[in-house]
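Before any comments, here is the structure.
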Amino acid sequence: MQLNSTEISELIKKRIAQFNVVSEAQSTGTIVSVSDGIIRIHGLADVMQGEMIELPGNRYAIALNLERDSVGAVVMGPYADLAEGMTVKCTGRILEVPVGKGLLGRVVNTLGQPIDGKGEIDNDGFSPVEVIAPGVIDRQSVDQPVQTGYKAVDSMVPIGRGQRELIIGDRQTGKTSLVIDAIIAQRDSGIKCIYVAIGQKASTIANVVRKLEEHGALANTIVVVASASESAALQYLAPYSGCAMGEYFRDRGEDALIVYDDLSKQAVAYRQISLLLRRPPGREAFPGDVFYLHSRLLERAARVNAEYVERFTNGAVTGRTGSLTALPIIETQAGDVSAFVPTNVISITDGQIFLESSLFNSGIRPAVNPGISVSRVGSAAQTKVIKKLSGGIRTALAQYRELAAFAQFASDLDDATRKQLSHGQKVTELLKQKQFAPMPVSEQALVLFAAEFGYLDGVELERISSFESALLAYANSNHADFMKDLAKSGNFNDSIQQELKTIVENFKKNGAW
């Protein structure tokens, strides 16, 4: 068969028409230096700030410094085998982490990958780690409580849903113990919890996970781990990853509680990255934007209104507000709260719980200093019964501290002063609490009622603890229905006051403590 020129021409045209080329332009660059987890890249003209850069070996780096002829990026993961001359690519994506209810009960790393050996995670999608916080119009005022289960905290420095309450103190003052108990207290409250461990020993984190599991709180909690052995980049990013996981619940009309343990170590990791990127150091060698590092994180903890939730879920959830409550932890050096990072975080948050070494060492645990601990918005969210009964507690402690200072020098004290000192000592003793024993509202109310209305007057100081446990055992066995109802409602009225009075008076007549 012989084809003439016209047929050949038609055949070529047909083939050309059918020829399909899929071309994709990709920005590539070359590594020019590698040191301490920081790589400098020549090229990548189209890279964005914070963009993920694909490295050889299925690894990524994040672009942090965009300079005229090079890009400074921080490697997420091992970097020992990276070398000059290797080719890297832009991805066009910002770092995202998996989110959803499938993460509850799991231990994950900064990138949301499981590290607990329980298999793959069934996530509901991905969310960027850096998100702009909700605006003023999208927010609602804080008016619902988060019960920590600690008498000292719930009575004097109450925390509301959507609040940011700083927990600050020296090392070994019970900061982590306090937040772990707060997470355990949320078992039946419906509040989902996220615990972000930054720069801690792996053994400490394993211990925390075990305690949460023992007390039935792990199923309600996501644990995000960037341990001390992880790179500075992963320690710096861990809080943002945890926050993205918490926002999943907030934006769908649910309540979540996130703990950052601790932000001092995150600031140190960020300082390390910044100095290696040759950014100019400022006070205490921290970079100039260390305030923004924490403010953009903590502003994402908020209570959002029903319109925001409805808009976010495209009408799937209506009439429900969502909240993300943050409990950041800051570790001070020798009680110095005027250092750079502590003052920054104090100014960003809605109050602080100050834990003192001297109180902790003298056996007062939780070691809350009621004088300088404050909650700026929590009182509006406090349960009615606790609010009504805790009014005299702070005053009694303040007067006791003032008088105790004078009592050291005065030999003869009048009866009124002695009575005040005795009452202050008993209240201090009453506010002590063992770890892993969070108290429901009803039990706190009963104990505070006994303190407020003078029922501790006939009890010796060393018998306060046994008096309290016997009173609670008596109330829970003989008035179980009332205690359950009070724990559920948290209301306070004349009939509830009368019932509390009856319980305490009958118990004191009994005298079995």
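For all residues, glycine too, the Cβ spot is worked out from N, Cα and C.
Per Swiss-Prot, ATP binding site is recorded for Gly169, Asp170, Arg171, Gln172, Thr173, Gly174, Lys175, Thr176. Reduced to three states, the DSSP call for Gly174 (ATP binding site) is coil. Over all protein chains present, the Cβ of Gly174 (ATP binding site) has 19 other Cβ atoms lying within 10 Å.
Residues annotated as site 'Required for activity' in Swiss-Prot, with sequence analysis given as evidence: Ser373. Cβ neighbours within 10 Å of Ser373 (site 'Required for activity'), excluding its own Cβ and spanning all shown chains: 22.
With respect to Ser373 (site 'Required for activity'), the closest of these binding-site residues in Cα terms is Gly169, chosen from Gly169, Asp170, Gln172, Gly174, Thr176. When each of the binding-site residues Arg171, Lys175 is scored by how many other Cβ atoms sit within 10 Å of its Cβ, Arg171 comes out lowest. In this structure, of the binding-site residues Gln172, Thr176, the smallest number of CB atoms within 10 A of the CB marks Gln172. Using the Cβ center of Gly169, Asp170, Arg171, Gln172, Thr173, Gly174, Lys175, Thr176 for ATP, the list of other same-chain residues with Cβ within 8 Å runs, in sequence order, Glu331, Leu355, Ser357, Phe360, Ala367.
In the structure as shown, the Cβ atom of Gly169 (ATP binding site) sits within 10 Å of 27 other Cβ atoms.
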